[in-house]
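Trainee: Pasting the relevant annotations from TrEMBL:
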- 14-41: transmembrane segment (TRANSMEM)
- 53-73: transmembrane segment (TRANSMEM)
- 93-114: transmembrane segment (TRANSMEM)
- 135-157: transmembrane segment (TRANSMEM)
- 193-215: transmembrane segment (TRANSMEM)
- 236-261: transmembrane segment (TRANSMEM)
- 267-289: transmembrane segment (TRANSMEM)
Amino acid sequence: SPEQYNVTSYGTTIVAIVTLEVFAGMWINAFLICVLCIGWIKKKTLNSNEKILLLLGCSRFCSLCISWIYAFLSNIYPYCLLLLPVLPLLQGAYTVFNCSNLWVSACLCGFYCIKIANFRNRFFIYLKVKIDRMVPWLLLGSVIFSLIIGILFYNTIDKAVCKNLNFTCLGNFWKPTIRIDEHFYSVHFLTGFLHTTSFMAVIFSAVFLLFSLWSHKCKMQKKSMKDLSMEAHIKAMKSVLSFFIMYSINFTSFILTLVFSTKYENHLIFIFQLIQHAYPGVHSLFLIFSNPKLEKTLFRILSCVKCKFCMR
């Protein structure tokens, strides 16, 4: 029928757009993971910054992969989601990797702040000395916490789907009806709380770094001196501010997605989700360009690819 054709065409368009965004982000994060793993094999070790970037790249790669699977099934084969383990499993797995992405991103901003900022507070000095030892434990804690949240999401969504999924036989098709109830509102509240908490960590890191940069600049101007730490401050500040801007856009899109999902505004939700799908790839690309080693490797690979195409 014309209605079915329009729905199928719209779903195909959505999948095509999401595929372009997701696969670009997956390639960017795959490059990040491969370069760091190769360096790990060669040096037999990773510094704290590389450990955070490696886990961040893995989390984003997996979350993008699962989000593409969900977009593909929900728009092309929606009835596959009616199999009870499928929807809770996809949502639970996505929650694990997305939550890990949020907390590891916050750890990265906090790491930049503690490493670069200059404060004479005893607690801050203690953190600066111990931060390299703390990073593995912070990353392990982020993974364990993400797994716990993912299990909670799986159980909550599984119960909600089992309670609210009603089937109406229409010829050879099944029409699902899922109502938003107290189960999904609790899930929305929890996801909003997680995003807000990590966002606050990013805000505090940016504010502390900005204050440290301003005070350090004033001291250098009084002494009429230039310091290498000033350049480190500026580079770290650019990284944190860029992440803050991108995270603010992503956070706003996420909150609006939660708001409009209760009103079934599918077109608006799709626009906001496009922004969320673009964020992991764009920010990872910026992290690559802000790291001289990763940037040099990327340009070397691109130059080799360009030479091969020219030879053809």
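In case you wondered, yes, glycine gets a Cβ from its N, Cα and C as well.
Give me the structural setting of these features: burial, nearby parts and distances.
Mentor: Here the transmembrane segment (14-41) has long-range neighbours at 50, 53-54, 57-58, 60-61, 64-65, 67-68, 71-72, 75-76, 270, 273-274, 277-278, 280-282, 284-285, 287-288, 293-294, 297-298, 301, meaning same-chain residues at least 6 beyond its ends whose C-beta is under 8 angstroms from one of its own.
Within the chain carrying the transmembrane segment (53-73), a Cβ under 8 angstroms from the stretch's Cβ atoms is held by residues 14-15, 18-19, 22-23, 25-26, 29-30, 32-33, 36-37, 40, 46, 80-81, 86, 90-91, 93-94, 97-98, 100-101, 104-105, 108, 139, 142-143, 277, 280-281, 284, 287, 291, all 6 or more beyond its ends.
Counting same-chain residues at least six beyond the ends of the transmembrane segment (135-157), those with a Cβ under 8 angstroms from any Cβ of the stretch are 48, 51-52, 55, 87-89, 91-93, 95-97, 99-100, 103-104, 107, 111, 183-184, 186-187, 190, 194.
Within the same chain, residues 99, 102-103, 105-106, 109-110, 112-113, 116-119, 149, 230, 233-234, 236-237, 240-241, 243-244, 247-248, 251, 254-255 sit at least 6 positions outside the transmembrane segment (193-215) and bring their C-beta atoms closer than 8 Å to a C-beta of that stretch.
Sequence-distant neighbours of the transmembrane segment (236-261) (same chain, 6+ residues past either end, Cβ-Cβ under 8 Å): 105, 108-109, 112-113, 115-116, 180, 188, 191-192, 195-196, 199, 202-203, 205-206, 209-210, 213, 268-269, 272-273, 275-276, 279, 282-283, 286-287, 290.
Residues of the same chain lying 6 or more positions beyond the ends of the transmembrane segment (267-289) and with a Cβ under 8 Å from any Cβ of it are 14, 17-18, 21-22, 24-26, 28-29, 31-32, 53, 56-57, 60, 63-64, 67, 101, 105, 239, 242-243, 246-247, 249-250, 253-254, 256-257, 260-261, 295, 298.
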